Amino acid sequence: MSGLYTETREVLRKYGVRLRRSLGQNYLIDEVKRQRILEYADLREDDRVLEIGPGIGTLTLPMAELAGHVTAIESDPLIAAILMDRLQVDNVDVIVGDALRVDFPEFNKVVSNLPYQISSPITFRLLEHDFELAVLMYQKEFARRMVAEPGTREYSRLSVMVHFLAEVEIVDYLKPGCFFPRPRVESAVVTLKPTGFRAPAFLEDVCRALFQHRKKKTSKSLRESFHEIRTDLSFNEVLRGLPPEILEKRVFQLRPEDILEIAEHIEDLSGSS
């Protein structure tokens, strides 16, 4: 067994902790993978790092030695108390709370083994902020949807939104045995670099409407889910002026730029009505 596995078990035993999968408490125990994650993050003395779901400090402790400051947000008060007890440095702040609700401090990098049940909302919340780089662990299937291309089975609303908001790359995969306790799924390490793209007001609504019927033609999908688009325009008003080559495609065949064109079309009409 690895030293990190032994260390993790000893810490949990010392504090009498029983981990809960429902909270995404699967801790990294593979030393090689941990080192790779730190290398991808390329931490330096002037970096201010945000970590979500630090657990007992598997990443927090080595990051504190490399970065200028680390802020760790932990939702479980017991685990947060253990982390604070283990910290022997003064450049780490631990916030006890829900990462979807608490105010984020200033940061330029994010490094996290994310609780997988909040993967989507926390990713979009992070992308509302300006930062240099994120190195994040996700469930493998979620990561593949993030980078999926049009026409593939994994292509989704997530794929389209992330396409515009960040440069995304899957840089590593992790088997269940890399964690304790073992999750039921494989995982992936993903790097994100925000593009600074400002999405038009209707892009998210259009994506949501279209991908409710991803195998149908775009015109039919829009008709059936038009109520998802928060506009005073009618379906027929929107339909007019959209290129036939877009309307005839099935939703899963649409390029992100096609969907952006629909959203911008609605925005233009809304501004002129």
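Just so it is clear, glycine is given a Cβ too, placed from its N, Cα and C backbone atoms.
The S-adenosyl-L-methionine binding site annotation in Swiss-Prot covers Asn26, Leu28, Gly53, Glu74, Asp98, Asn113, and the record cites sequence analysis as its basis.
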Counting only other Cβ atoms and using a 10 Å cut-off, which of the binding-site residues Glu74, Asp98 scores lowest?
Asp98
When DSSP is mapped onto helix/strand/coil, what comes out for Gly53 (S-adenosyl-L-methionine binding site)?
coil
Over all pairs in Asn26, Leu28, Gly53, Glu74, Asp98, Asn113, the listed S-adenosyl-L-methionine binding residues, work out the largest Cα-Cα distance in Å.
21
Reduced to three states, what secondary structure does DSSP give Glu74 (S-adenosyl-L-methionine binding site)?
strand
If you draw a 10 Å sphere around the Cβ of Leu28 (S-adenosyl-L-methionine binding site), how many other Cβ atoms fall inside it, taking every protein chain shown into account?
21
